[in-house]
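Here's the structure we're looking at; comments come further down.
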Amino acid sequence: MGNQLQLLPENEEEEEDDMETEDRDGEDVEKPSIINFDTSLPTSHAYLGSDMEEFHGRTLHDEDSVQNLPVLPHVALILIPGQTLPLQLFRPQEVSMFRNLVSQDRTFAVLAHSPDPSGTETKAEFGTTAEIYAFREEQEYGIETVKIKAVGRQRFRVHDIRTQADGIRQAKVQILPERILPDPLCALQFLPRLHTHSPQTKHTQTTPPQKRCSQNYRQKKLHCASMTSWPPWVYSLYDSKTLMSRVKKQLHEWDENLKDESLPTNPTDFSYRVAACLPIDDALRLQLLKIGSAIQRLRCELDIMDRCTSLCCKQCQDTEITSKNEIFSLSLYGPMAAYVNPHGYVHETLTVYKASNLNLIGRPSTLHSWFPGYAWTIAQCRTCSSHMGWKFSAVKKDLSPPRFWGLTRSALLPTIPQGEEGVEGSRLLCL
């Protein structure tokens, strides 16, 4: 995928030829009722090549244990556990580091640098371990490169970072635990009887048996709150199944074609899946990464999804690019996933049906397309000319959707509506 700086015209005359203003911002773009694009293609990262060596099994370190891990350099990314990270590395130091890693436990550290208003890199206090599951080494024109697919595993806190004689940084980290909060109603003696048969209503007759059983169990369990000093709605705020149902409802508003079967059933894995696909800035994402409880993480994600209504250009902050109603999934990962371009830049890309206030740079290209069958065109903010992402256009007439936008998360800023008295909403939401 291209970078906007490499395709800028050299003079004003060429700029007039290459610059195209998106002049259909006001038109209503109908969402296609059927998406016939194979959503498994983006998850395979086929642009990296099909002959990669794959590894099986997974490496998990003991919670609270201290580990020494090599640090992934030159990649500014807050990795979420469970998130896929594709990489293309060219520097000899990096190639050597990962060549050694694949013969060991294949695990490295991805540091989560907190954002700094001045633009300088700050000291990272947290991060995520990543494990390589596919690897390919190649040589072209005398230059060695490695292509990697890795996945985030566990959160950690940074204790110390030291640079070795070969220039590779080693991080001493402590693996952070996942706190499983006990069910506050589990102590009630009659709770095991909640699976008893209940009469079916017209609604329950059309509900799948497994989902109906779960709903009945949850409703009856919360009904037991009448035996305590707190009302049921208080317990529902901290019930993992209730929170997951509320989040799924929001996700279905984003993507009508979303299937619940494609989502994790474990609250922890589910909360991480949602965190990885939320189009939020680094400040909010880092706050989510610090949370050690799936229930609290889900509560914060709900707050974010409820209150963030639109996405603006991060650079000029006043230019609205798209709204959450335009978000949809064109990948099994969800509406947003990480991809890497031929130059090694990793972009977390959000797919939306419609975007506004953008200019297109250059001509469409299918080279290294992250979505096979679509050509990409670089998109810039119309106000400040910041790189915002790409417009994807189908190269075949029968491909649906015929066009969409891929917006890079690093260029977006979620908009928090003002309060009743005109006061801007808190950027930290429920955190």
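Glycine is treated like the rest: Cβ placed from N, Cα and C.
Under the heading compositional bias 'Acidic residues', Swiss-Prot lists 10-28. Marked as domain 'Lon N-terminal' by Swiss-Prot on the basis of sequence analysis: 69-309. Under the heading domain 'CULT', Swiss-Prot lists 308-416, citing sequence analysis as support. Positions annotated as Zn(2+) binding site by Swiss-Prot: Cys313, Cys316, Cys381, Cys384. The annotation (S)-thalidomide binding site is assigned in Swiss-Prot to His368, Trp370, Trp376.
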Secondary structure at His368 ((S)-thalidomide binding site), reduced by DSSP to three states: coil
Spatially closest candidate among Cys313, Cys316, Cys381, Cys384, the listed binding-site residues, to His368 ((S)-thalidomide binding site) (Cα to Cα): Cys381
Zn(2+) site shell beyond Cys313, Cys316, Cys381, Cys384, criterion: Cβ within 8 Å of Cβ centroid: Lys314, Gln315, Gln317, Asp318, Thr319, Asn357, Arg382, Thr383, Ser385, Ser386, Met388
Per-residue pLDDT averaged over the domain 'CULT' (308-416), given as an integer: 94
Residue among binding-site residues Cys313, Cys381 with least C-beta crowding, 10 angstrom cut-off: Cys381
Inter-residue Cα distance where the pair is Trp376 ((S)-thalidomide binding site) and Cys313 (Zn(2+) binding site), in Å: 20
Number of Cβ atoms other than its own within 10 Å, given for Trp370 ((S)-thalidomide binding site): 25
Proximal but sequence-remote residues of the same chain as Cys316 (Zn(2+) binding site) (Cβ under 8 Å, at least 6 apart): Cys381, Thr383, Cys384, Ser386
Trp376 ((S)-thalidomide binding site) CB neighbourhood, other CB atoms within 10 A: 22
DSSP three-state assignment for Trp376 ((S)-thalidomide binding site): strand
Summary of DSSP states over the domain 'CULT' (308-416), given as helix, strand and coil counts: 6 helix, 55 strand, 48 coil
Neighbour count (Cβ, 10 Å) for Cys384 (Zn(2+) binding site): 14
